[in-house]
Amino acid sequence: MTAKTIRHYLQFTDFSLEDYEYVLERTGILKRKFKNYETYHPLHDRTLAMIFEKSSTRTRLSFEAGIFQLGGHAVFMSTRDTQLGRGEPVEDSAQVISRMVDIIMIRTFEQEVIKRFADNSRVPVINGLTNEYHPCQVLADIFTYYEHRGPIAGKTVAWVGDANNMLYTWIEAAQILGFKLRLSTPPGYALDMKLVSPDSAPFYEVFEDPNEACKGADLVTTDVWTSMGFEAENEARMQAFADWCVDEEMMGHANPDALFMHCLPAHRGEEVTAGVIDGPQSVVWDEAENRLHVQKALMEFLLLGRLKH
């Protein structure tokens, strides 16, 4: 593989609408193969390096199982027990690791770190999560919506809660896929406009009242109030976010057939009530499973390009 052919997936804007249409189609195909116990090994003998600076359940399991199901295998690497955690330059680690594997997934804190790694990698790099963006999760959410309701283009998504990596990724997705995002965050926790492209302005609207943000929504989504790395702010956040709990009353402002999503782990009684996340509008378990399927399609696409079957 030459440098000219390498594609990375570091944030949602790395793919075009046409790329997403293809990847979502492939996701459905790969999920059907999985459900039918059909052996499919297009990535036979390929190796995925998984580098974790942030702990994970869903990210590790979905990538490790996914590459295995495609015929490859995974190597787990933690910064706690590699030279990355002992001060080796990111650029040097990227040069070495990318000469020994076929594709790399990184889950870390700063987006700048994964960008520097990708700039020095000889193989595709996937963002498994950073403080700024979480593209694999939003891609899974969009596929989940597609499964249950059809294309998301022209629909309305409501975000209630923190201005975190999920929200910034949803804003990018709205611009590329053509849906409307209505968002509400507490005072003092507004968007960091350095992470928002001016071109995305027509695709999102900010509301002070979370109930107002949910009006007419086809999908309501949220996340934890205190993300990893912000634990010191937890007490202050519990007070600031108290009115941003997605409950049955808030869901009542959305369309009657609106879905509810949460990327998990969830804290019932904080960002969402048990009645909502465990209720009939919730699709969080399908959403969690779909991380597996979209990431399989993503790895297949980055390594093999567009397939004709």
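Each residue, glycine too, has its Cβ placed from N, Cα and C.
Annotation comment: Swiss-Prot describes Ser56, Thr57, Arg58, Thr59, Gln83, Arg107, His134, Pro135, Cys136, Gln137, Cys263, Leu264, Arg291 as carbamoyl phosphate binding site, evidence class sequence analysis. For Ser56 (carbamoyl phosphate binding site), the Cβ neighbour count at a 10 Å cut-off comes to 15, with all displayed protein chains included. Secondary structure at Ser56 (carbamoyl phosphate binding site), taken from DSSP and collapsed to helix, strand or coil, is coil.
The L-ornithine binding site annotation in Swiss-Prot covers Asn165, Asp223, Ser227, Met228, and the record cites sequence analysis as its basis. Secondary structure from DSSP puts Asp223 (L-ornithine binding site) in coil. Sequence-distant neighbours of Asp223 (L-ornithine binding site) (same chain, six or more apart, CB under 8 Å from its CB) are Gly161, Asp162, Asn164, Met166, Leu167, His262, Cys263, Glu271, listed in sequence order.
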Identify, among the binding-site residues Arg58, His134, Arg291, the residue whose Cβ has the fewest other Cβ atoms within 10 Å in this structure.
Arg58
Cys263 (carbamoyl phosphate binding site) has how many other Cβ neighbours within 10 Å of its own Cβ?
24
Other CB atoms, at most 10 A from the CB of Met228 (L-ornithine binding site)
13
Pop the Cα-Cα gap between Ser227 (L-ornithine binding site) and Arg291 (carbamoyl phosphate binding site) into the table, whole Å please.
19
Express the distance between the Cα positions of Cys136 (carbamoyl phosphate binding site) and Ser227 (L-ornithine binding site) as a whole number of Å.
17
Output field, L-ornithine shell: CB within 8 Å of site CB centroid, site Asn165, Asp223, Ser227, Met228 dropped
Leu129, Asn131, His134, Asp162, Asn164, Met166, Val224, Gly229, Phe230
Looking only at Cβ atoms, how many others are within 10 Å of the one on Ser227 (L-ornithine binding site)?
18
